[in-house]
């Protein structure tokens, strides 16, 4: 071994000692290895001296196929707002000059709608008119009365400046009754089945559409709406929230989910699957029923009888078109893919 002066090691830069009994190639390899180790130690020491406070750290929270970008400061703000206790509706705030006009128009429409639904509900439950179609109409009107009562009064109060916040429990209750309105899809399907039996099998109508069958159809529609409402509301309010302003005039699922501070891909997929099933399946059953109905009507010899049969189905077809058209636009349209950027 070559003697090494300890003082030179302490004061000068580090030198690599090469034993005499190694070949030149092996000695060079050993030198490279020792230099690499020393460089790694120096770089790790330099990086340890740097703090995260020297950087504006970007964090990405995924939402579906795109992400939201936040600075480290924004992320800390979001963590501090996970205990949101109430929401505020954005409503029609962008139409401030016309809010009173909207109030008058919506109030008039709401009074007419409420009065009509109450009259239909009472009429359908009358013992002298207790036939399947009136029974289904009364259940449909009662359902619409309930979920409009939890939406319209608060919307009207917001239009006249009484924009009161809604608690989490109140928002969950509102969302529950709105989602419960899914039973309307199946009530319309039951009404379509009633038309199908009345036109395609009139001689057995009273036997097929008896009281027990009608109650079972209504019970099935309401039970489906109840199950879906419980699943949706429990899934939405299981996540934490960081913001309080809902970009809507009631607690709908999508606007509320957007306020979450975590990845909500699972919630969005669940909502899409439920929407597809709850809209397309009843709509498909109604479509099949009306194919059979139209084919039966076209085989009727009397023109007057054909006209009467079409008139019987016209009102139901109009309601189905409006209901499923609005539901498809609201819940089946693809959401915007523009990522929301925050820089402060």
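Our numbering is plain: 1 for the first residue shown, then up by one each step along the chain.
For all residues, glycine too, the Cβ spot is worked out from N, Cα and C.
For reference, TrEMBL has these:
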- 116-344: domain 'G-protein coupled receptors family 1 profile' (DOMAIN)
- 100-122: transmembrane segment (TRANSMEM)
- 134-156: transmembrane segment (TRANSMEM)
- 176-196: transmembrane segment (TRANSMEM)
- 217-237: transmembrane segment (TRANSMEM)
- 269-288: transmembrane segment (TRANSMEM)
- 309-332: transmembrane segment (TRANSMEM)
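Per-residue confidence over the domain 'G-protein coupled receptors family 1 profile' (116-344) averages out at a pLDDT of 86.
Sequence-distant contacts of the transmembrane segment (100-122) (same chain, at least 6 residues past either end, Cβ-Cβ under 8 Å): 92, 137-138, 141-142, 144-145, 148, 152, 155-156, 159-160. The stretches the transmembrane segment (269-288) and the transmembrane segment (176-196) meet in space: the count of Cβ pairs below 8 angstroms, excluding pairs fewer than 6 apart in sequence, reaches at least three. Long-range contacts of the transmembrane segment (176-196) within its own chain (CB-CB distance under 8 A, at least 6 residues past either end) are made by residues 132-133, 136-137, 139-140, 143-144, 146-147, 150-151, 209, 214, 217-218, 220-222, 224-226, 228-230, 232-233, 250-253, 278-279, 282-283, 285-286, 289-290, 292-293, 312-313, 316, 319-320, 323-324, 327.
Packing against the transmembrane segment (134-156) from elsewhere in the chain are residues 89, 91, 103, 106-107, 110, 113-114, 116-118, 120-126, 164, 166, 173-174, 177-178, 180-181, 183-184, 187-188, 190-191, 194, 214, 217-218, 221-222, 249-250: each is 6 or more residues past its ends and has a CB under 8 Å from a CB in it. Under 8 Å from some Cβ of the transmembrane segment (309-332) lie the Cβ atoms of residues 184-185, 188, 191-192, 195, 198-199, 271-272, 275-276, 279, 283, 286, 290, 293, 297, 300, all in the same chain and six or more residues away from its ends.
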